[in-house]
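Let me begin by presenting the structure, written as C-alpha cells, before commenting on it.
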Amino acid sequence: MAKTTVQLASGHNMPLVGFGLWKVPADQAADTVYNAIKVGYRLFDGAYDYQNEKEAGQGIRRAIEEGLVKREDIFVTTKLWNNYHRKEHALQMAKAQNEAWGLGYIDLYLIHFPVALKYIEPEKRRYPAWWMDDAGTIEVDKVPIRETWEVLESVVDQGIARSIGVSNFQAQAIMDLESYARHPISSLQIEHHPYLVQPELIALAQEMKIAVTAYSSFGPQSYVELQSPRANVSKPLMETDTVKKIAEKHGKTPAQVLLRWATQRGVAVIPKSNNQGRLAQNLDVLSFDLDKAEIDDISGLDVGLRFNDPGFYLTNKPLRIFA
Ligand code: NAD
C-alpha cells in the first residue's frame with residue numbers, strides 16, 4: 001500500500017495530499033473546506049496572504065462539531081507574509097493567525113518568501129500583497145532571515161505551531177538557516193511541476209530530511225486566470241502528449257498523473273479545485289504507480305519555466321529572489 005503521509009523532521013506526520021486555499025474566495029472558503037473534508041481531505045494549505053484563514057477554520061470546526069473528524073486528524077499549514085518578518089510583527093502575526101483558524105494550534109507554519117518587505121498595517125494591505133499602495137510601490141526591509149526564524153522557533157516553544165518551515169527558499173538560504181536552526185526545518189514548499197522540476201533543490205531538501213511540498217502542480221493552469229504572460233507561452237501540461245498518453249495507459253486523468261509524478265517521489269501536493277468531481281480525483285493520486293520511464297519522460301518536459309516569480313511580475317521593482 002502506498003504511503004499516505006510523510007514524517008516531518010519535527011516528528012509529526014503530514015499527509016502527502018492536501019487542498020490548497022489560494023484564490024478560494026473568503027465567502028466560499030468555509031463550505032469549500034467542509035466539503036473537502038467530506039470528500040476525504042485532511043491537509044489544508046493556507047496563508048495570511050490568501051485572506052481566508054478565518055473562514056477555512058470555520059469549515060474545519062463545523063466538520064469537527066459534526067463528528068466527521070477530530071482536530072488531530074486535520075493538518076493545517078499557514079504562512080507568514082513578507083511585511084511581518086520583524087521580530088515583534090512575526091510573533092504578533094503567528095498569534096493572530098492561530099486565532100483566526102480557531103483550532104488551538106497550527107500544524108505547520110512557514111515563512112512564505114525569503115524576502116522582508118516594510119511593515120504595513122494589516123488593514124491597509126493592497127492586492128497584489130507585495131504593494132504598499134495603489135501605485136504599486138514595493139519597499140523591502142532589512143530583516144535577516146535569522147530574526148524571523150528564531151520567532152518561528154519560539155512559536156513552536158509556545159505551542160502555537162507544531163512544525164515550522166520555509167517556502168520559496170533555495171539551496172543557499174536553506175543551508176545557511178540550517179547552520180543555526182534550533183528547531184528543524186520540517187518542510188520546504190516550492191513551485192514544482194514538469195516545466196520547473198528543480199531536481200537538485202529537491203535532492204538537497206530530501207538529503208537534509210526536509211519534506212518537500214509542491215505547489216502549482218499543474219503549472220500554467222493556475223496562472224491563466226491571473227493573466228500571467230508566462231502562462232500562455234507554453235502548452236497546458238495536461239494537454240501535452242507525454243502526460244495524455246501516460247494518463248490513457250493508466251486509465252487516469254492527466255491531472256492525476258501530474259500529481260502522482262510528485263507523490264511517487266515523496267513530494268507532497270496541495271492542488272486546488274472548487275469542483276466536486278476534481279476534488280475527488282485530485283485526492284485519488286496514491287492508488288497507482290508510474291514506472292521509472294514514465295516518471296523520466298514527464299521530468300523531461302522541464303524547461304525551467306517559473307510562474308510565481310516576483311522578479312518577473314513585479315514590473316515596478318522586480319525582486320529577483322530566484323536569480
Ligand atoms: P494548482 O496547480 O492546484 O492549479 C489550480 C488550477 O487547476 C485551477 O485553475 C483549477 O481549476 C485547476 N484544476 C484543479 N484540479 C483539476 C483537475 N483535476 N483537472 C483539471 N483542472 C484542475 O494551483 P495553485 O493554486 O497555484 O497551487 C495549489 C496550492 O499551492 C495553492 O492553492 C496554495 O495553497 C499553494 N501555493 C503556494 C504558493 C507559495 O508561495 N507557497 C504559491 C502558489 C500556490
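Count begins at 1; order follows the chain as displayed.
Keep in mind that glycine also has a Cβ here, set from the backbone N, Cα and C atoms.
Across the domain 'NADP-dependent oxidoreductase' (18-301), the prediction's mean pLDDT works out to 96. Taken from TrEMBL, the feature domain 'NADP-dependent oxidoreductase' covers 18-301.
Summarising the annotation, TrEMBL assigns active site, proton donor to Tyr50. The local packing around Tyr50 (active site, proton donor), expressed as other Cβ atoms within 10 Å of its Cβ over all shown chains, amounts to 21.
If you look up TrEMBL, you'll see Lys79 marked as site 'Lowers pKa of active site Tyr'. For the recorded site, Lys79 (site 'Lowers pKa of active site Tyr'), the DSSP three-state label reads strand.
Counting Cβ atoms from all protein chains shown, His112 (substrate binding site) has 20 others lying within 10 Å of its own Cβ. What TrEMBL lists as substrate binding site is His112.
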Note: in the chain of Lys79 (site 'Lowers pKa of active site Tyr'), residues six or more apart in sequence with C-beta under 8 angstroms of its C-beta are Gly46, Ala47, Tyr48, Asp49, Tyr109, Leu110, Ile111, His112, Ser167
Mapped onto three states, the DSSP assignment of His112 (substrate binding site) reads coil
